[in-house]
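Annotated features in Swiss-Prot:
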BINDING   Ser61, Asn111, Glu155, Asn162, Tyr186, Tyr238, Val256  substrate binding site
Amino acid sequence: MQTLLNEILEEVRPLIGKGKVADYIPALADVPANQLGIAVYGNDGSYHCAGDARVPFSVQSISKVFSLVQAIGHSGEAIWERLGHEPSGQPFNSLVQLEFERGRPRNPFINAGALVICDINQSRFAAPTLSMRDFVRRLSGNPHISINTRVADSEYQFRARNAAMAYLMQSFGNFHNEVETVLRSYFSYCALQMNCLDLARAFCFLANDGFCKHSGEQILTRRQTQQVNSIMATSGLYDEAGNFAFRVGLPGKSGVGGGIVAIVPGQFTVCVWSPELNAAGNSLAGMAALELLSSRIGWSVF
């Protein structure tokens, strides 16, 4: 596995320079674009890393999986009364579909859906940001994971569109807490700093029927795990979920920080990171690396 990971990174490295970092978030525009890392974590606790796999980066929308899992953990099926689990077919920050469907987001991985999930968690936890940080520390086994307040503040300054979604949902009765408070929590979740190994380990319960082996916790039931993985497969990569299924064939979740996590049910979790994005907002080199890894090992679930 180690040799294969090293080879794959060398094969996709020429793609660096052909994408673009997420410069619409000022704090992310400064991230050196020439970084590339990958980590594979097995259900037996073994792992392999290559490249910049231990360099922390901003997880961004990958955090939407953590907040969804938290909400399912304390509220169960009730969360689906407030949002759906269908692909949207619209940009992740679109207001059009949200208006048409009367404030009920299509799924928890578009921004409107993630905001509803944050609203649900805001009602549950006295300190949602700290609860999220501690939850991720537990899942990853890394007690030093932190929130980059510079990134969170940077995103909050440019919050207008997300605020518009929240207020629109509030007008339809689907947002219960103070909008600005929930936005602060939302951007703090996105600003979690983790590396490839942290993320691969933190997501391993999704490859293991909801059981996190290193913490000894049953995070989700087997059925809930299947549900989360299915939404990742259909909606986890913005408008490129179909292309990801075609090329990689695994449930996955990406973020504009350049990270992508993929689940090999029953076996492994993989995280790849390269900051430069393609036109759909997903890591250009990361997509290519996961495609090579999946095809050479035969991991596709299809």
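Cβ coordinates come from backbone N, Cα and C, glycine included.
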Residues Ser61, Asn111, Glu155, Asn162, Tyr186, Tyr238, Val256 binding substrate per the record - widest CA separation, whole Å: 19
Neighbour-count leader, CB within 10 A, binding-site residues: Tyr186, Tyr238: Tyr186
DSSP-derived structure type at Asn162 (substrate binding site), helix or strand or else coil: helix
Secondary-structure category, per DSSP, in which Glu155 (substrate binding site) falls: helix
Cβ contacts of Asn111 (substrate binding site) (under 8 Å, same chain, 6 or more positions away): Phe92, Asn93, Arg161, Asn162, Met165
Cβ neighbour count within 10 Å of Asn162 (substrate binding site): 21
Collapsed DSSP category at Val256 (substrate binding site): coil
